[in-house]
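The following features are taken from TrEMBL:
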- 1-14: compositional bias 'Pro residues' (COMPBIAS)
- 1-24: region 'Disordered' (REGION)
- 34-55: transmembrane segment (TRANSMEM)
- 75-96: transmembrane segment (TRANSMEM)
- 108-128: transmembrane segment (TRANSMEM)
- 148-173: transmembrane segment (TRANSMEM)
- 180-199: transmembrane segment (TRANSMEM)
- 205-225: transmembrane segment (TRANSMEM)
Amino acid sequence: MSRQIPIPPSPKPPTLGTDRTQTAAADRSSTRRLLAAAAVAGPLFVVSAGVQSVAREGFDLRVHPLSQLSTGDLGWVQILTFALTGLGLLALAVTHRRIVTEGVGRRAVPVLLGIAGVGFVLAGVFVMDPENGFPVGTPDGPADSMSWHGVAHSAAAAVAFTALAAAAVVLTVRAVRARQVSAAIGHGIVGLALLVPVSPETASLQVAANGLIAFTWTTVLALRLRTRALG
């Protein structure tokens, strides 16, 4: 008499509800990681540029813009700082698009943040010209003429800061319509500060201050989005 071999039951296929739950969990995990990257971008830029401005021989913030830290043997540090900061802003753009799905700025703000992110990445790719005695060994005074990569760097940085200012203005309008007074004041101050014309006499200090303001704002924005996502 032949023995009958038991056939194990086939596993049940995952249900549609299970798939959706797993997808939602993966999206939340991805959003948290992106928000962490976005929140770190601002402090990374401020700390990196601040340490370099003190540690790099011959650098004087009253004379040299932070972008000049991209020049010289240690210029790769600031180049990497620009690139990582830009990627952090791109992460902020993606998460803003995911989390804010209605109201004023739901489309415009992610686009503007994305433009700023690309601008900072390009500001790292295209390096400013050495001038005014920095890095050490460079002749005093401005460069005789701007190189193509110096022009590209200045354009990328200008576009990035303008995009951040525009995003702050849009969020000001959003906050006003929502009657969020403190948020409206905060966004408005940032937008106005970044739109103040740069004075040639204090350009390097003003750009550094704008960076501090802008990246403090983006960090706060990322943390607020994180609170909203987890809430």
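The first residue you see is number 1, and the count goes up from there.
Including glycine, each Cβ sits where the backbone N, Cα and C put it.
TrEMBL does not curate its annotations; it predicts them automatically.
Quantities reported herein were computed from a predicted structural model and do not represent experimental measurements.
Sequence-remote contacts of a segment are chain residues at least 6 beyond its ends whose Cβ falls under 8 Å from one of its Cβ atoms, and for the transmembrane segment (34-55) they are 61, 66, 69, 74, 77-78, 81-82, 84-85, 87-89, 91-92, 94-95, 208, 211-212, 214-219, 221-223, 225-226, 229. Away from its own ends, the transmembrane segment (148-173) comes close to residues 67, 70, 86, 104-105, 108-109, 112-113, 115-120, 122-123, 126-129, 183-184, 187-188, 190-191, 194-195, 210, 214, 217-218, 221 of its chain (Cβ-Cβ under 8 Å, at least six residues beyond either end). Listed by sequence, the residues of this chain that lie at least six past the ends of the transmembrane segment (180-199) yet keep a Cβ under 8 A from its Cβ atoms are 161-162, 164-166, 168-169, 171-172, 206-207, 209-210, 213-214, 217, 220. Here the transmembrane segment (205-225) has Cβ contacts under 8 Å with residues 35, 38-39, 41-43, 45-46, 49, 61-62, 65-67, 85, 88-89, 92, 95-96, 99-100, 113, 161, 164, 168, 171, 186-187, 190, 193-194, 196, 198-199 of the same chain, all six or more residues outside its ends.
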